Amino acid sequence: MMDRSHAARTRWGAIIGSIGGNALEWYDFTIFSYMIPIISTLFFPKSAGSVSAILMSTALFGVGFFTRPLGGICLGLYADRHSRQDAMTLGMGLMAVAVALITCAPTYEQAGVTGAVMIAIARLLQGFSVGGEFATSTTFLVEIAPPGRRGFFGSWQITGQIIAQVLGGSVGYLMTTWCTPEQVHAWAWRLPFAFGLFIIPLILTIRLKMSGAAAGKRKTFKNPGMMQSLTAQWREILTGMGLVTASTVSFYIIYGYVVTYATKILHLSLTGSYLVQMSAAASMLLVVPFSGYLSDFINKKLIIFVSLATYLVILWPLYAWLVASPSITRLIIMQISLSFVSGMFLGSYCTLITQILSPASRTTMLAIVNNMVVLVVGGFSQLIVTWLISISGKAMAPALFVMSGVAIGLIAATYLLLSPISEQTPEKTT
């Protein structure tokens with residue numbers, strides 16, 4: 001009984017460390033996108049113009065995606081051959097260095113392009129770090145889960161990302177509420193980054209303890225090699241990429257772009273936009289774990305298919321309704337509606353992708369599946385959408401972009417329902 005109780009405490013301690021670290025890494029990575037309206041005025045010359053500054057800022061955001069595949073492969077290989085926990089801890093250390101660079105970066109008025117260069121370097125480090133986070137933390141959560149609870153446990157990977165969004169929206173809202181615009185541009189813009197920096201030691205300590213507690217549970221496999229794994233699992237990899245495409249357009253346009261879209265395109269208030277982002281993300285905190293819980297009793301493939309089909313149907317009408325008469329009220333109704341259907345999809349898909357991949361190379365293959373899609377689809381999605389709006393003059397451009405990604409995900413979900421691809425029982429490789 002004592003051994004069972006100790007094992008349960010160890011498991012939950014490891015889970016808390018994984019979720020907390022995951023949330024913090026994604027907060028540090030995505031807070032930049034929420035701050036683009038402010039960063040665009042601080043790190044580029046005023047002569048560039050508002051639209052050009054936004055384009056350059058979104059390009060700076062996209063720089064971080066170039067190193068995500070490399071980070072995913074390097075940290076994924078390390079996790080598959082050594083330890084999931086140690087790989088996550090290493091990634092967090094790199095994130096700390098990156099956030100420190102952004103927090104201390106001088107503005108354009110203070111040091112010209114030096115600040116933008118520092119941010120570019122920091123974004124490359126952040127991309128490498130977060131590139132391994134998704135795969136290692138997802139694999140860890142699914143593998144440590146008791147039988148019959150893997151869908152619920154796996155959903156906490158996405159929940160960690162949503163916690164990051166709630167934190168980002170909350171910090172942005174408090175910053176713009178408590179500080180004047182002059183204070184925000186003078187010094188307060190650094191506070192959201194400093195918050196992520198100062199809390200890193202706490203989460204890092206938890207992860208180090210987590211690594212030690214689970215050290216005796218590690219199980220190693222004969223690794224088949226990357227090319228052999230890619231060849232043997234190409235159907236699973238392509239299907240997973242389709243699902244990740246739908247997830248990526250949701251996160252980086254529906255949620256990550258909402259503050260920029262609301263303030264620069266719809267001309268709504270910055271404070272209200274942060275409130276919308278925070279509220280929509282908070283609503284997903286309930287939906288995603290529920291979807292994961294439900295997926296332990298209902299076919300995950302069916303949940304994903306129905307969610308994506310519904311998502312595709314309601315997306316255009318909601319955007320058209322918002323653009324017809326932009327307001328914070330309409331924006332929050334649209335965001336919460338989309339949060340519900342996308343949350344049902346997001347809560348189930350992480351576990352499903354993890355379980356259709358071979359345990360011996362699971363982390364590496366999951367890193368490739370996720371990061372290659374995010375590099376192509378997510379990295380410059382905000383830049384592309386902003387450019388489409390600027391050349392077409394149509395505020396509906398984001399809806400078309402997201403619908404394209406969701407349609408690809410729906411095709412993948414349909415294939416999963418009709419194909420012989422089956423879920424594998426995870427081995428415990430903590």
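Keep in mind that glycine also has a Cβ here, set from the backbone N, Cα and C atoms.
TrEMBL annotations:
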type     : residues : note
TRANSMEM : 12-36    : transmembrane segment
DOMAIN   : 14-422   : domain 'Major facilitator superfamily (MFS) profile'
TRANSMEM : 48-66    : transmembrane segment
TRANSMEM : 87-108   : transmembrane segment
TRANSMEM : 120-142  : transmembrane segment
TRANSMEM : 154-175  : transmembrane segment
TRANSMEM : 187-208  : transmembrane segment
TRANSMEM : 237-262  : transmembrane segment
TRANSMEM : 274-295  : transmembrane segment
TRANSMEM : 302-322  : transmembrane segment
TRANSMEM : 328-353  : transmembrane segment
TRANSMEM : 365-389  : transmembrane segment
TRANSMEM : 395-418  : transmembrane segment
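Here the transmembrane segment (87-108) lies next to the transmembrane segment (120-142) in space: the count of CB pairs under 8 Å, restricted to residues six or more apart, reaches at least 3. Of the two recorded stretches, the transmembrane segment (328-353) does not lie close to the transmembrane segment (187-208), with fewer than three CB pairs under 8 Å once pairs fewer than 6 apart in sequence are set aside. Highlighted: of the candidate stretches 48-66, 154-175, 274-295, 395-418, 395-418 has the greatest count of Cβ pairs under 8 Å to the transmembrane segment (302-322). Taking every recorded stretch in 48-66, 154-175, 187-208, 237-262, 395-418 and counting its Cβ pairs under 8 Å to the transmembrane segment (274-295), the highest total belongs to 154-175. For the transmembrane segment (154-175), the partner stretch with the most Cβ pairs below 8 Å, chosen from 120-142, 237-262, 395-418, is 120-142. The listed stretches are 48-66, 187-208, 395-418; of these, 395-418 has the most Cβ pairs under 8 Å to the transmembrane segment (237-262).
On the 0 to 100 pLDDT scale, the model's mean across the domain 'Major facilitator superfamily (MFS) profile' (14-422) is 84.
Within its own chain, the transmembrane segment (187-208) is flanked in space by residues 13, 16-18, 20-21, 24, 27-28, 31, 34-35, 38-39, 42, 85, 88-89, 92-93, 95-96, 99-100, 102-103, 168, 171-172, 175, 179, which lie at least six positions past its ends and keep a Cβ under 8 Å from the stretch.
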